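This report refers to the structure that appears directly beneath it.
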Amino acid sequence: APSPTTAVPYMSVKCIDVRKNHHKTKWLMPWGPNHCEKLKDFDEAVSRQIEANDIVFAVHIPLPSKEMSPWFQFMLFIMQLDIAFKMDNDLKENAEITLDVSLAYRDDMFDDWEEIAHAIEIRKLKCTFGSPKTLESEGRHYDCDFLPFMEIGSVAHKYYLINIRLPVNERKGINVGIGEIKDIRLVGIHQNGGFTKVWFAMKTFLTPSILIIMVWYWRRITLMTRAPVLLEKVIFALGISMTFINIPVEWFSIGFDWTWMLLFGDIRQGIFYAMLLSFWIIFCGEHMMDQNERNRLSGYWKQVGPIAVGSFCLFIFDMCERGVQLKNPFYSIWTTEVGTELAMAFIIVAGICLCLYFLFLCFMVFQVFRNISGKQSSLPAMSKARRLHYEGLIFRFKFLMLITLACAAMTVIFFIVSQVTEGHWKWGDITIQVNSAFFTGIYGMWNLYVFALMFLYAPSHKNYGEDQSNGDLGVNSGEELQLTTTITHVDGPTEVYKLARKEAQE
């Protein structure tokens, strides 16, 4: 697959609009048959006595002779301002810029523009000036941070048009003390169509495979005479959450203008990760040989509680950002003081919960391995068949724990790398090229992991006799011995409980 996203730079064109009730009448096109009257620079505007309120920065998406496609899935725009230093028009400390922005679309080059959104947004300018502020430095540009500009969750139309105004009102202090703005640049980021097709194909292929193993797994459990144990229920719930991510509802986004798909995708991913983190805790807890409150969800509230709180915080944060963007694509929670503090609070609380979780998990894994090592020392005293049986169980558990740790490590690396990639537009020069193989690899890895769990932990539907399933095997016949060495998972995870009980009794 090609790389997941493409970034396209756009330079705005300065258009003259001398009519009143500006945005209600006509959209200003930067090029084409009905293009606007253009300005080269602001010196020309001063010489022609054109006011700042009559200048519109117009950006057409995409570039000439191209068109957008629903396969692009989303559009994210970052703004960069070119601000020059002038002695008589210096950039104030903590300056704020007010943007009057409008977004429109059309599907044919000769149709009228239809408005999607209009908003008046305020952005904080964070700029530094490398040289001393003297007459010699006039005309040099400030080094300004990128500003979040716009995000749309679907690309349902072929052509988009952005009109940006910088309204000036000296009495109200709007757009005063923001320096001399020379140009407005935008960077448009969208998903690659080729990557989208590979992604959809993977989802379409993986959905039935996980569904089939889920049906097979649950059928195995219902064939048992006993009720399902907690671990079996949690593995099944993990399978359901994996299927929820897999179901390729994104196919509908090609034909419908569903702007909520990004938010829906975040919620699906959040449910899966919360389920996965809960599973790891319960998986370790159920294998703790000396734990009394086994096979009950209520015994894990201390560990599952922080996961629930952290997930809820991230959900609220996502709703504050992407939820509001459904109505106003120009909105960003990071643009206001309160919003930034609120967002940081949510992220910090979720981070603390994650740290607590990992401390719990490491402690539980340590206890489980210590208990299993203790049990291994008593294995030589058992009969050969029984020893082989439990060696198989212990090997399987240790193997699964190592695979789990490898998967967790890969996921953490994936998160850090993807955050740095997104943050590249906010932080400056840090650039990491995330390969599409990384995205598809992590996604395929989790499917394989859930598939393997259900396969390894499905209880055997065959009955080898009560004595044998309890592990009280004599070395009576070669046939019995053979069965025990190969069938290491009779009655599923309850075998580990049986091992614990036997050792306690002995």
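Even glycines carry a Cβ here, placed using N, Cα and C.
Copied over from TrEMBL, here are the features:
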- 13-191: domain 'Wntless GOLD' (DOMAIN)
- 192-461: domain 'Wntless-like transmembrane' (DOMAIN)
- 198-218: transmembrane segment (TRANSMEM)
- 230-249: transmembrane segment (TRANSMEM)
- 261-283: transmembrane segment (TRANSMEM)
- 304-324: transmembrane segment (TRANSMEM)
- 344-372: transmembrane segment (TRANSMEM)
- 393-417: transmembrane segment (TRANSMEM)
- 437-458: transmembrane segment (TRANSMEM)
Taking every residue in the domain 'Wntless GOLD' (13-191), the average pLDDT works out to 85
(Q) Using a threshold of three or more Cβ pairs below 8 Å, and leaving out pairs closer than 6 in sequence, do the transmembrane segment (437-458) and the transmembrane segment (230-249) count as in contact? (A) yes
Best-packed against the transmembrane segment (304-324), counting Cβ pairs under 8 Å over 198-218, 261-283, 344-372, 393-417, 437-458, is stretch 344-372
